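Visitor: First the structure, which I've put down as structure tokens, then a few questions once you've had a look.
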């Protein structure tokens, strides 16, 4: 190549470089089109499968009036917040679904929009509450909390979630958009080619690392009200806290994911039997790590922490962490550095009237 460069006139060298650059751009464009075509095909196949099931459901006669066993009539919704180890946790559910006999379904919204239209909310609620073929069901997707009670549903689904330190979550998302992860390393990401570090972005006041980008975990728990997505809304944070306490079965934290899995296995063995052992001793195929991630400097962190938005998101995170640790403290005991689930700690007595 070096010899050709010497022999080739400067103009031809320039043309060769330009031709190579054009060829690379064309190749990247074709790869992007192939990825988009693959995604469209996957969606079409998924819709076809759903239609087939619905057709069988119609031919066999409606089953929504059929009585399901209480253990089977369960729906879990994991409305996962991006970059909180959600894929790692979801893959555990996929690994266990055949063994534990339940279904896992991904809720794929257009452009990952976490807010559904009113008509889609109605469809979604009706779909998963009457789709008995998919029960017990574990649904997961990047959607904000949806209150099933306001749609007149008799039996609400079980909500679970995981949240993360807000700055760590934003840093992970920033690099994910540029470099992807080790789960699908060949997939082209939206910001691929941008080599700017998170520190440089914050120093320059870039939009991808602005404090407003921290506002995500609160609206995901707050829900579908317009005020939930009003950045910095105190009402939204209060509503998110209320939902976390009153509407969520369990909310864990990324930093203590194993303990979250252990508590789920103890409380909901129908879905999570074997999950703790899989997490501890499995091949870790479910784990996912963002590529090329660089930890921010203390100066960068300090600058973000001056924002009122960070203060609110961090307050919500600390609130969730305190609640999770409270639940864990009453469910496990520690021995030799390891945690063990407590046995049943209540019983019934003085039962009247006495049976003959």
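From the backbone N, Cα and C atoms, a Cβ is placed for every residue, glycine too.
Features from Swiss-Prot:
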type     : residues                                             : note
ACT_SITE : 140                                                  : active site
ACT_SITE : 142                                                  : active site
BINDING  : 83, 84, 85, 86, 87, 88, 164, 172, 279, 285, 290, 293 : adenosine 3',5'-bisphosphate binding site
COILED   : 24-51                                                : coiled coil
DISULFID : 201-209                                              : disulfide bond
DISULFID : 222-228                                              : disulfide bond
CARBOHYD : 108                                                  : N-linked glycosylation site
CARBOHYD : 127                                                  : N-linked glycosylation site
TOPO_DOM : 29-356                                               : topological domain 'Lumenal'
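How about a rundown of where these features are and what they're close to?
Guide: Counting only residues at least six positions away in the same chain, the Cβ atoms of 77, 78, 79, 80, 86, 90, 93, 104, 105, 106, 107 sit under 8 Å from the Cβ of residue 140 (active site).
If you take the C-beta of residue 142 (active site) and look for same-chain residues 6 or more apart in sequence within under 8 angstroms, you find 79, 80, 81, 82, 107, 109, 112, 114.
Within 10 Å of the Cβ of residue 85 (adenosine 3',5'-bisphosphate binding site) there are 23 other Cβ atoms, across all protein chains.
Summarising model confidence by region, the coiled coil (24-51) averages a pLDDT of 65.
Remark: residue 209 (disulfide bond) has 170, 174, 198, 201, 202 as non-local neighbours, by Cβ distance under 8 Å and separation of at least 6 in sequence.
Residues within less than 8 Å, Cβ to Cβ, of residue 222 (disulfide bond) and separated from it by at least 6 positions along the same chain comprise 144, 145, 228, 236, 237, 239, 240, 243. Mapped onto three states, the DSSP output places residue 222 (disulfide bond) in helix.
The DSSP secondary structure for residue 108 (N-linked glycosylation site) is coil.
In this chain, none of the residues that are 6 or more apart from residue 127 (N-linked glycosylation site) has a CB less than 8 Å from its CB.
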Visitor: Highest Cβ count within 10 Å among the recorded positions 87, 108: which residue is it?
Guide: 87
Visitor: In angstrom units, rounded to an integer, how far apart are the Cα atoms of residue 108 (N-linked glycosylation site) and residue 87 (adenosine 3',5'-bisphosphate binding site)?
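Guide: Residue 87 (adenosine 3',5'-bisphosphate binding site) has its Cα 14 Å from the Cα of residue 108 (N-linked glycosylation site).
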Visitor: Helix, strand or coil by DSSP: which one applies to residue 140 (active site)?
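Guide: Going by the DSSP assignment, residue 140 (active site) falls within a strand, counted as strand.
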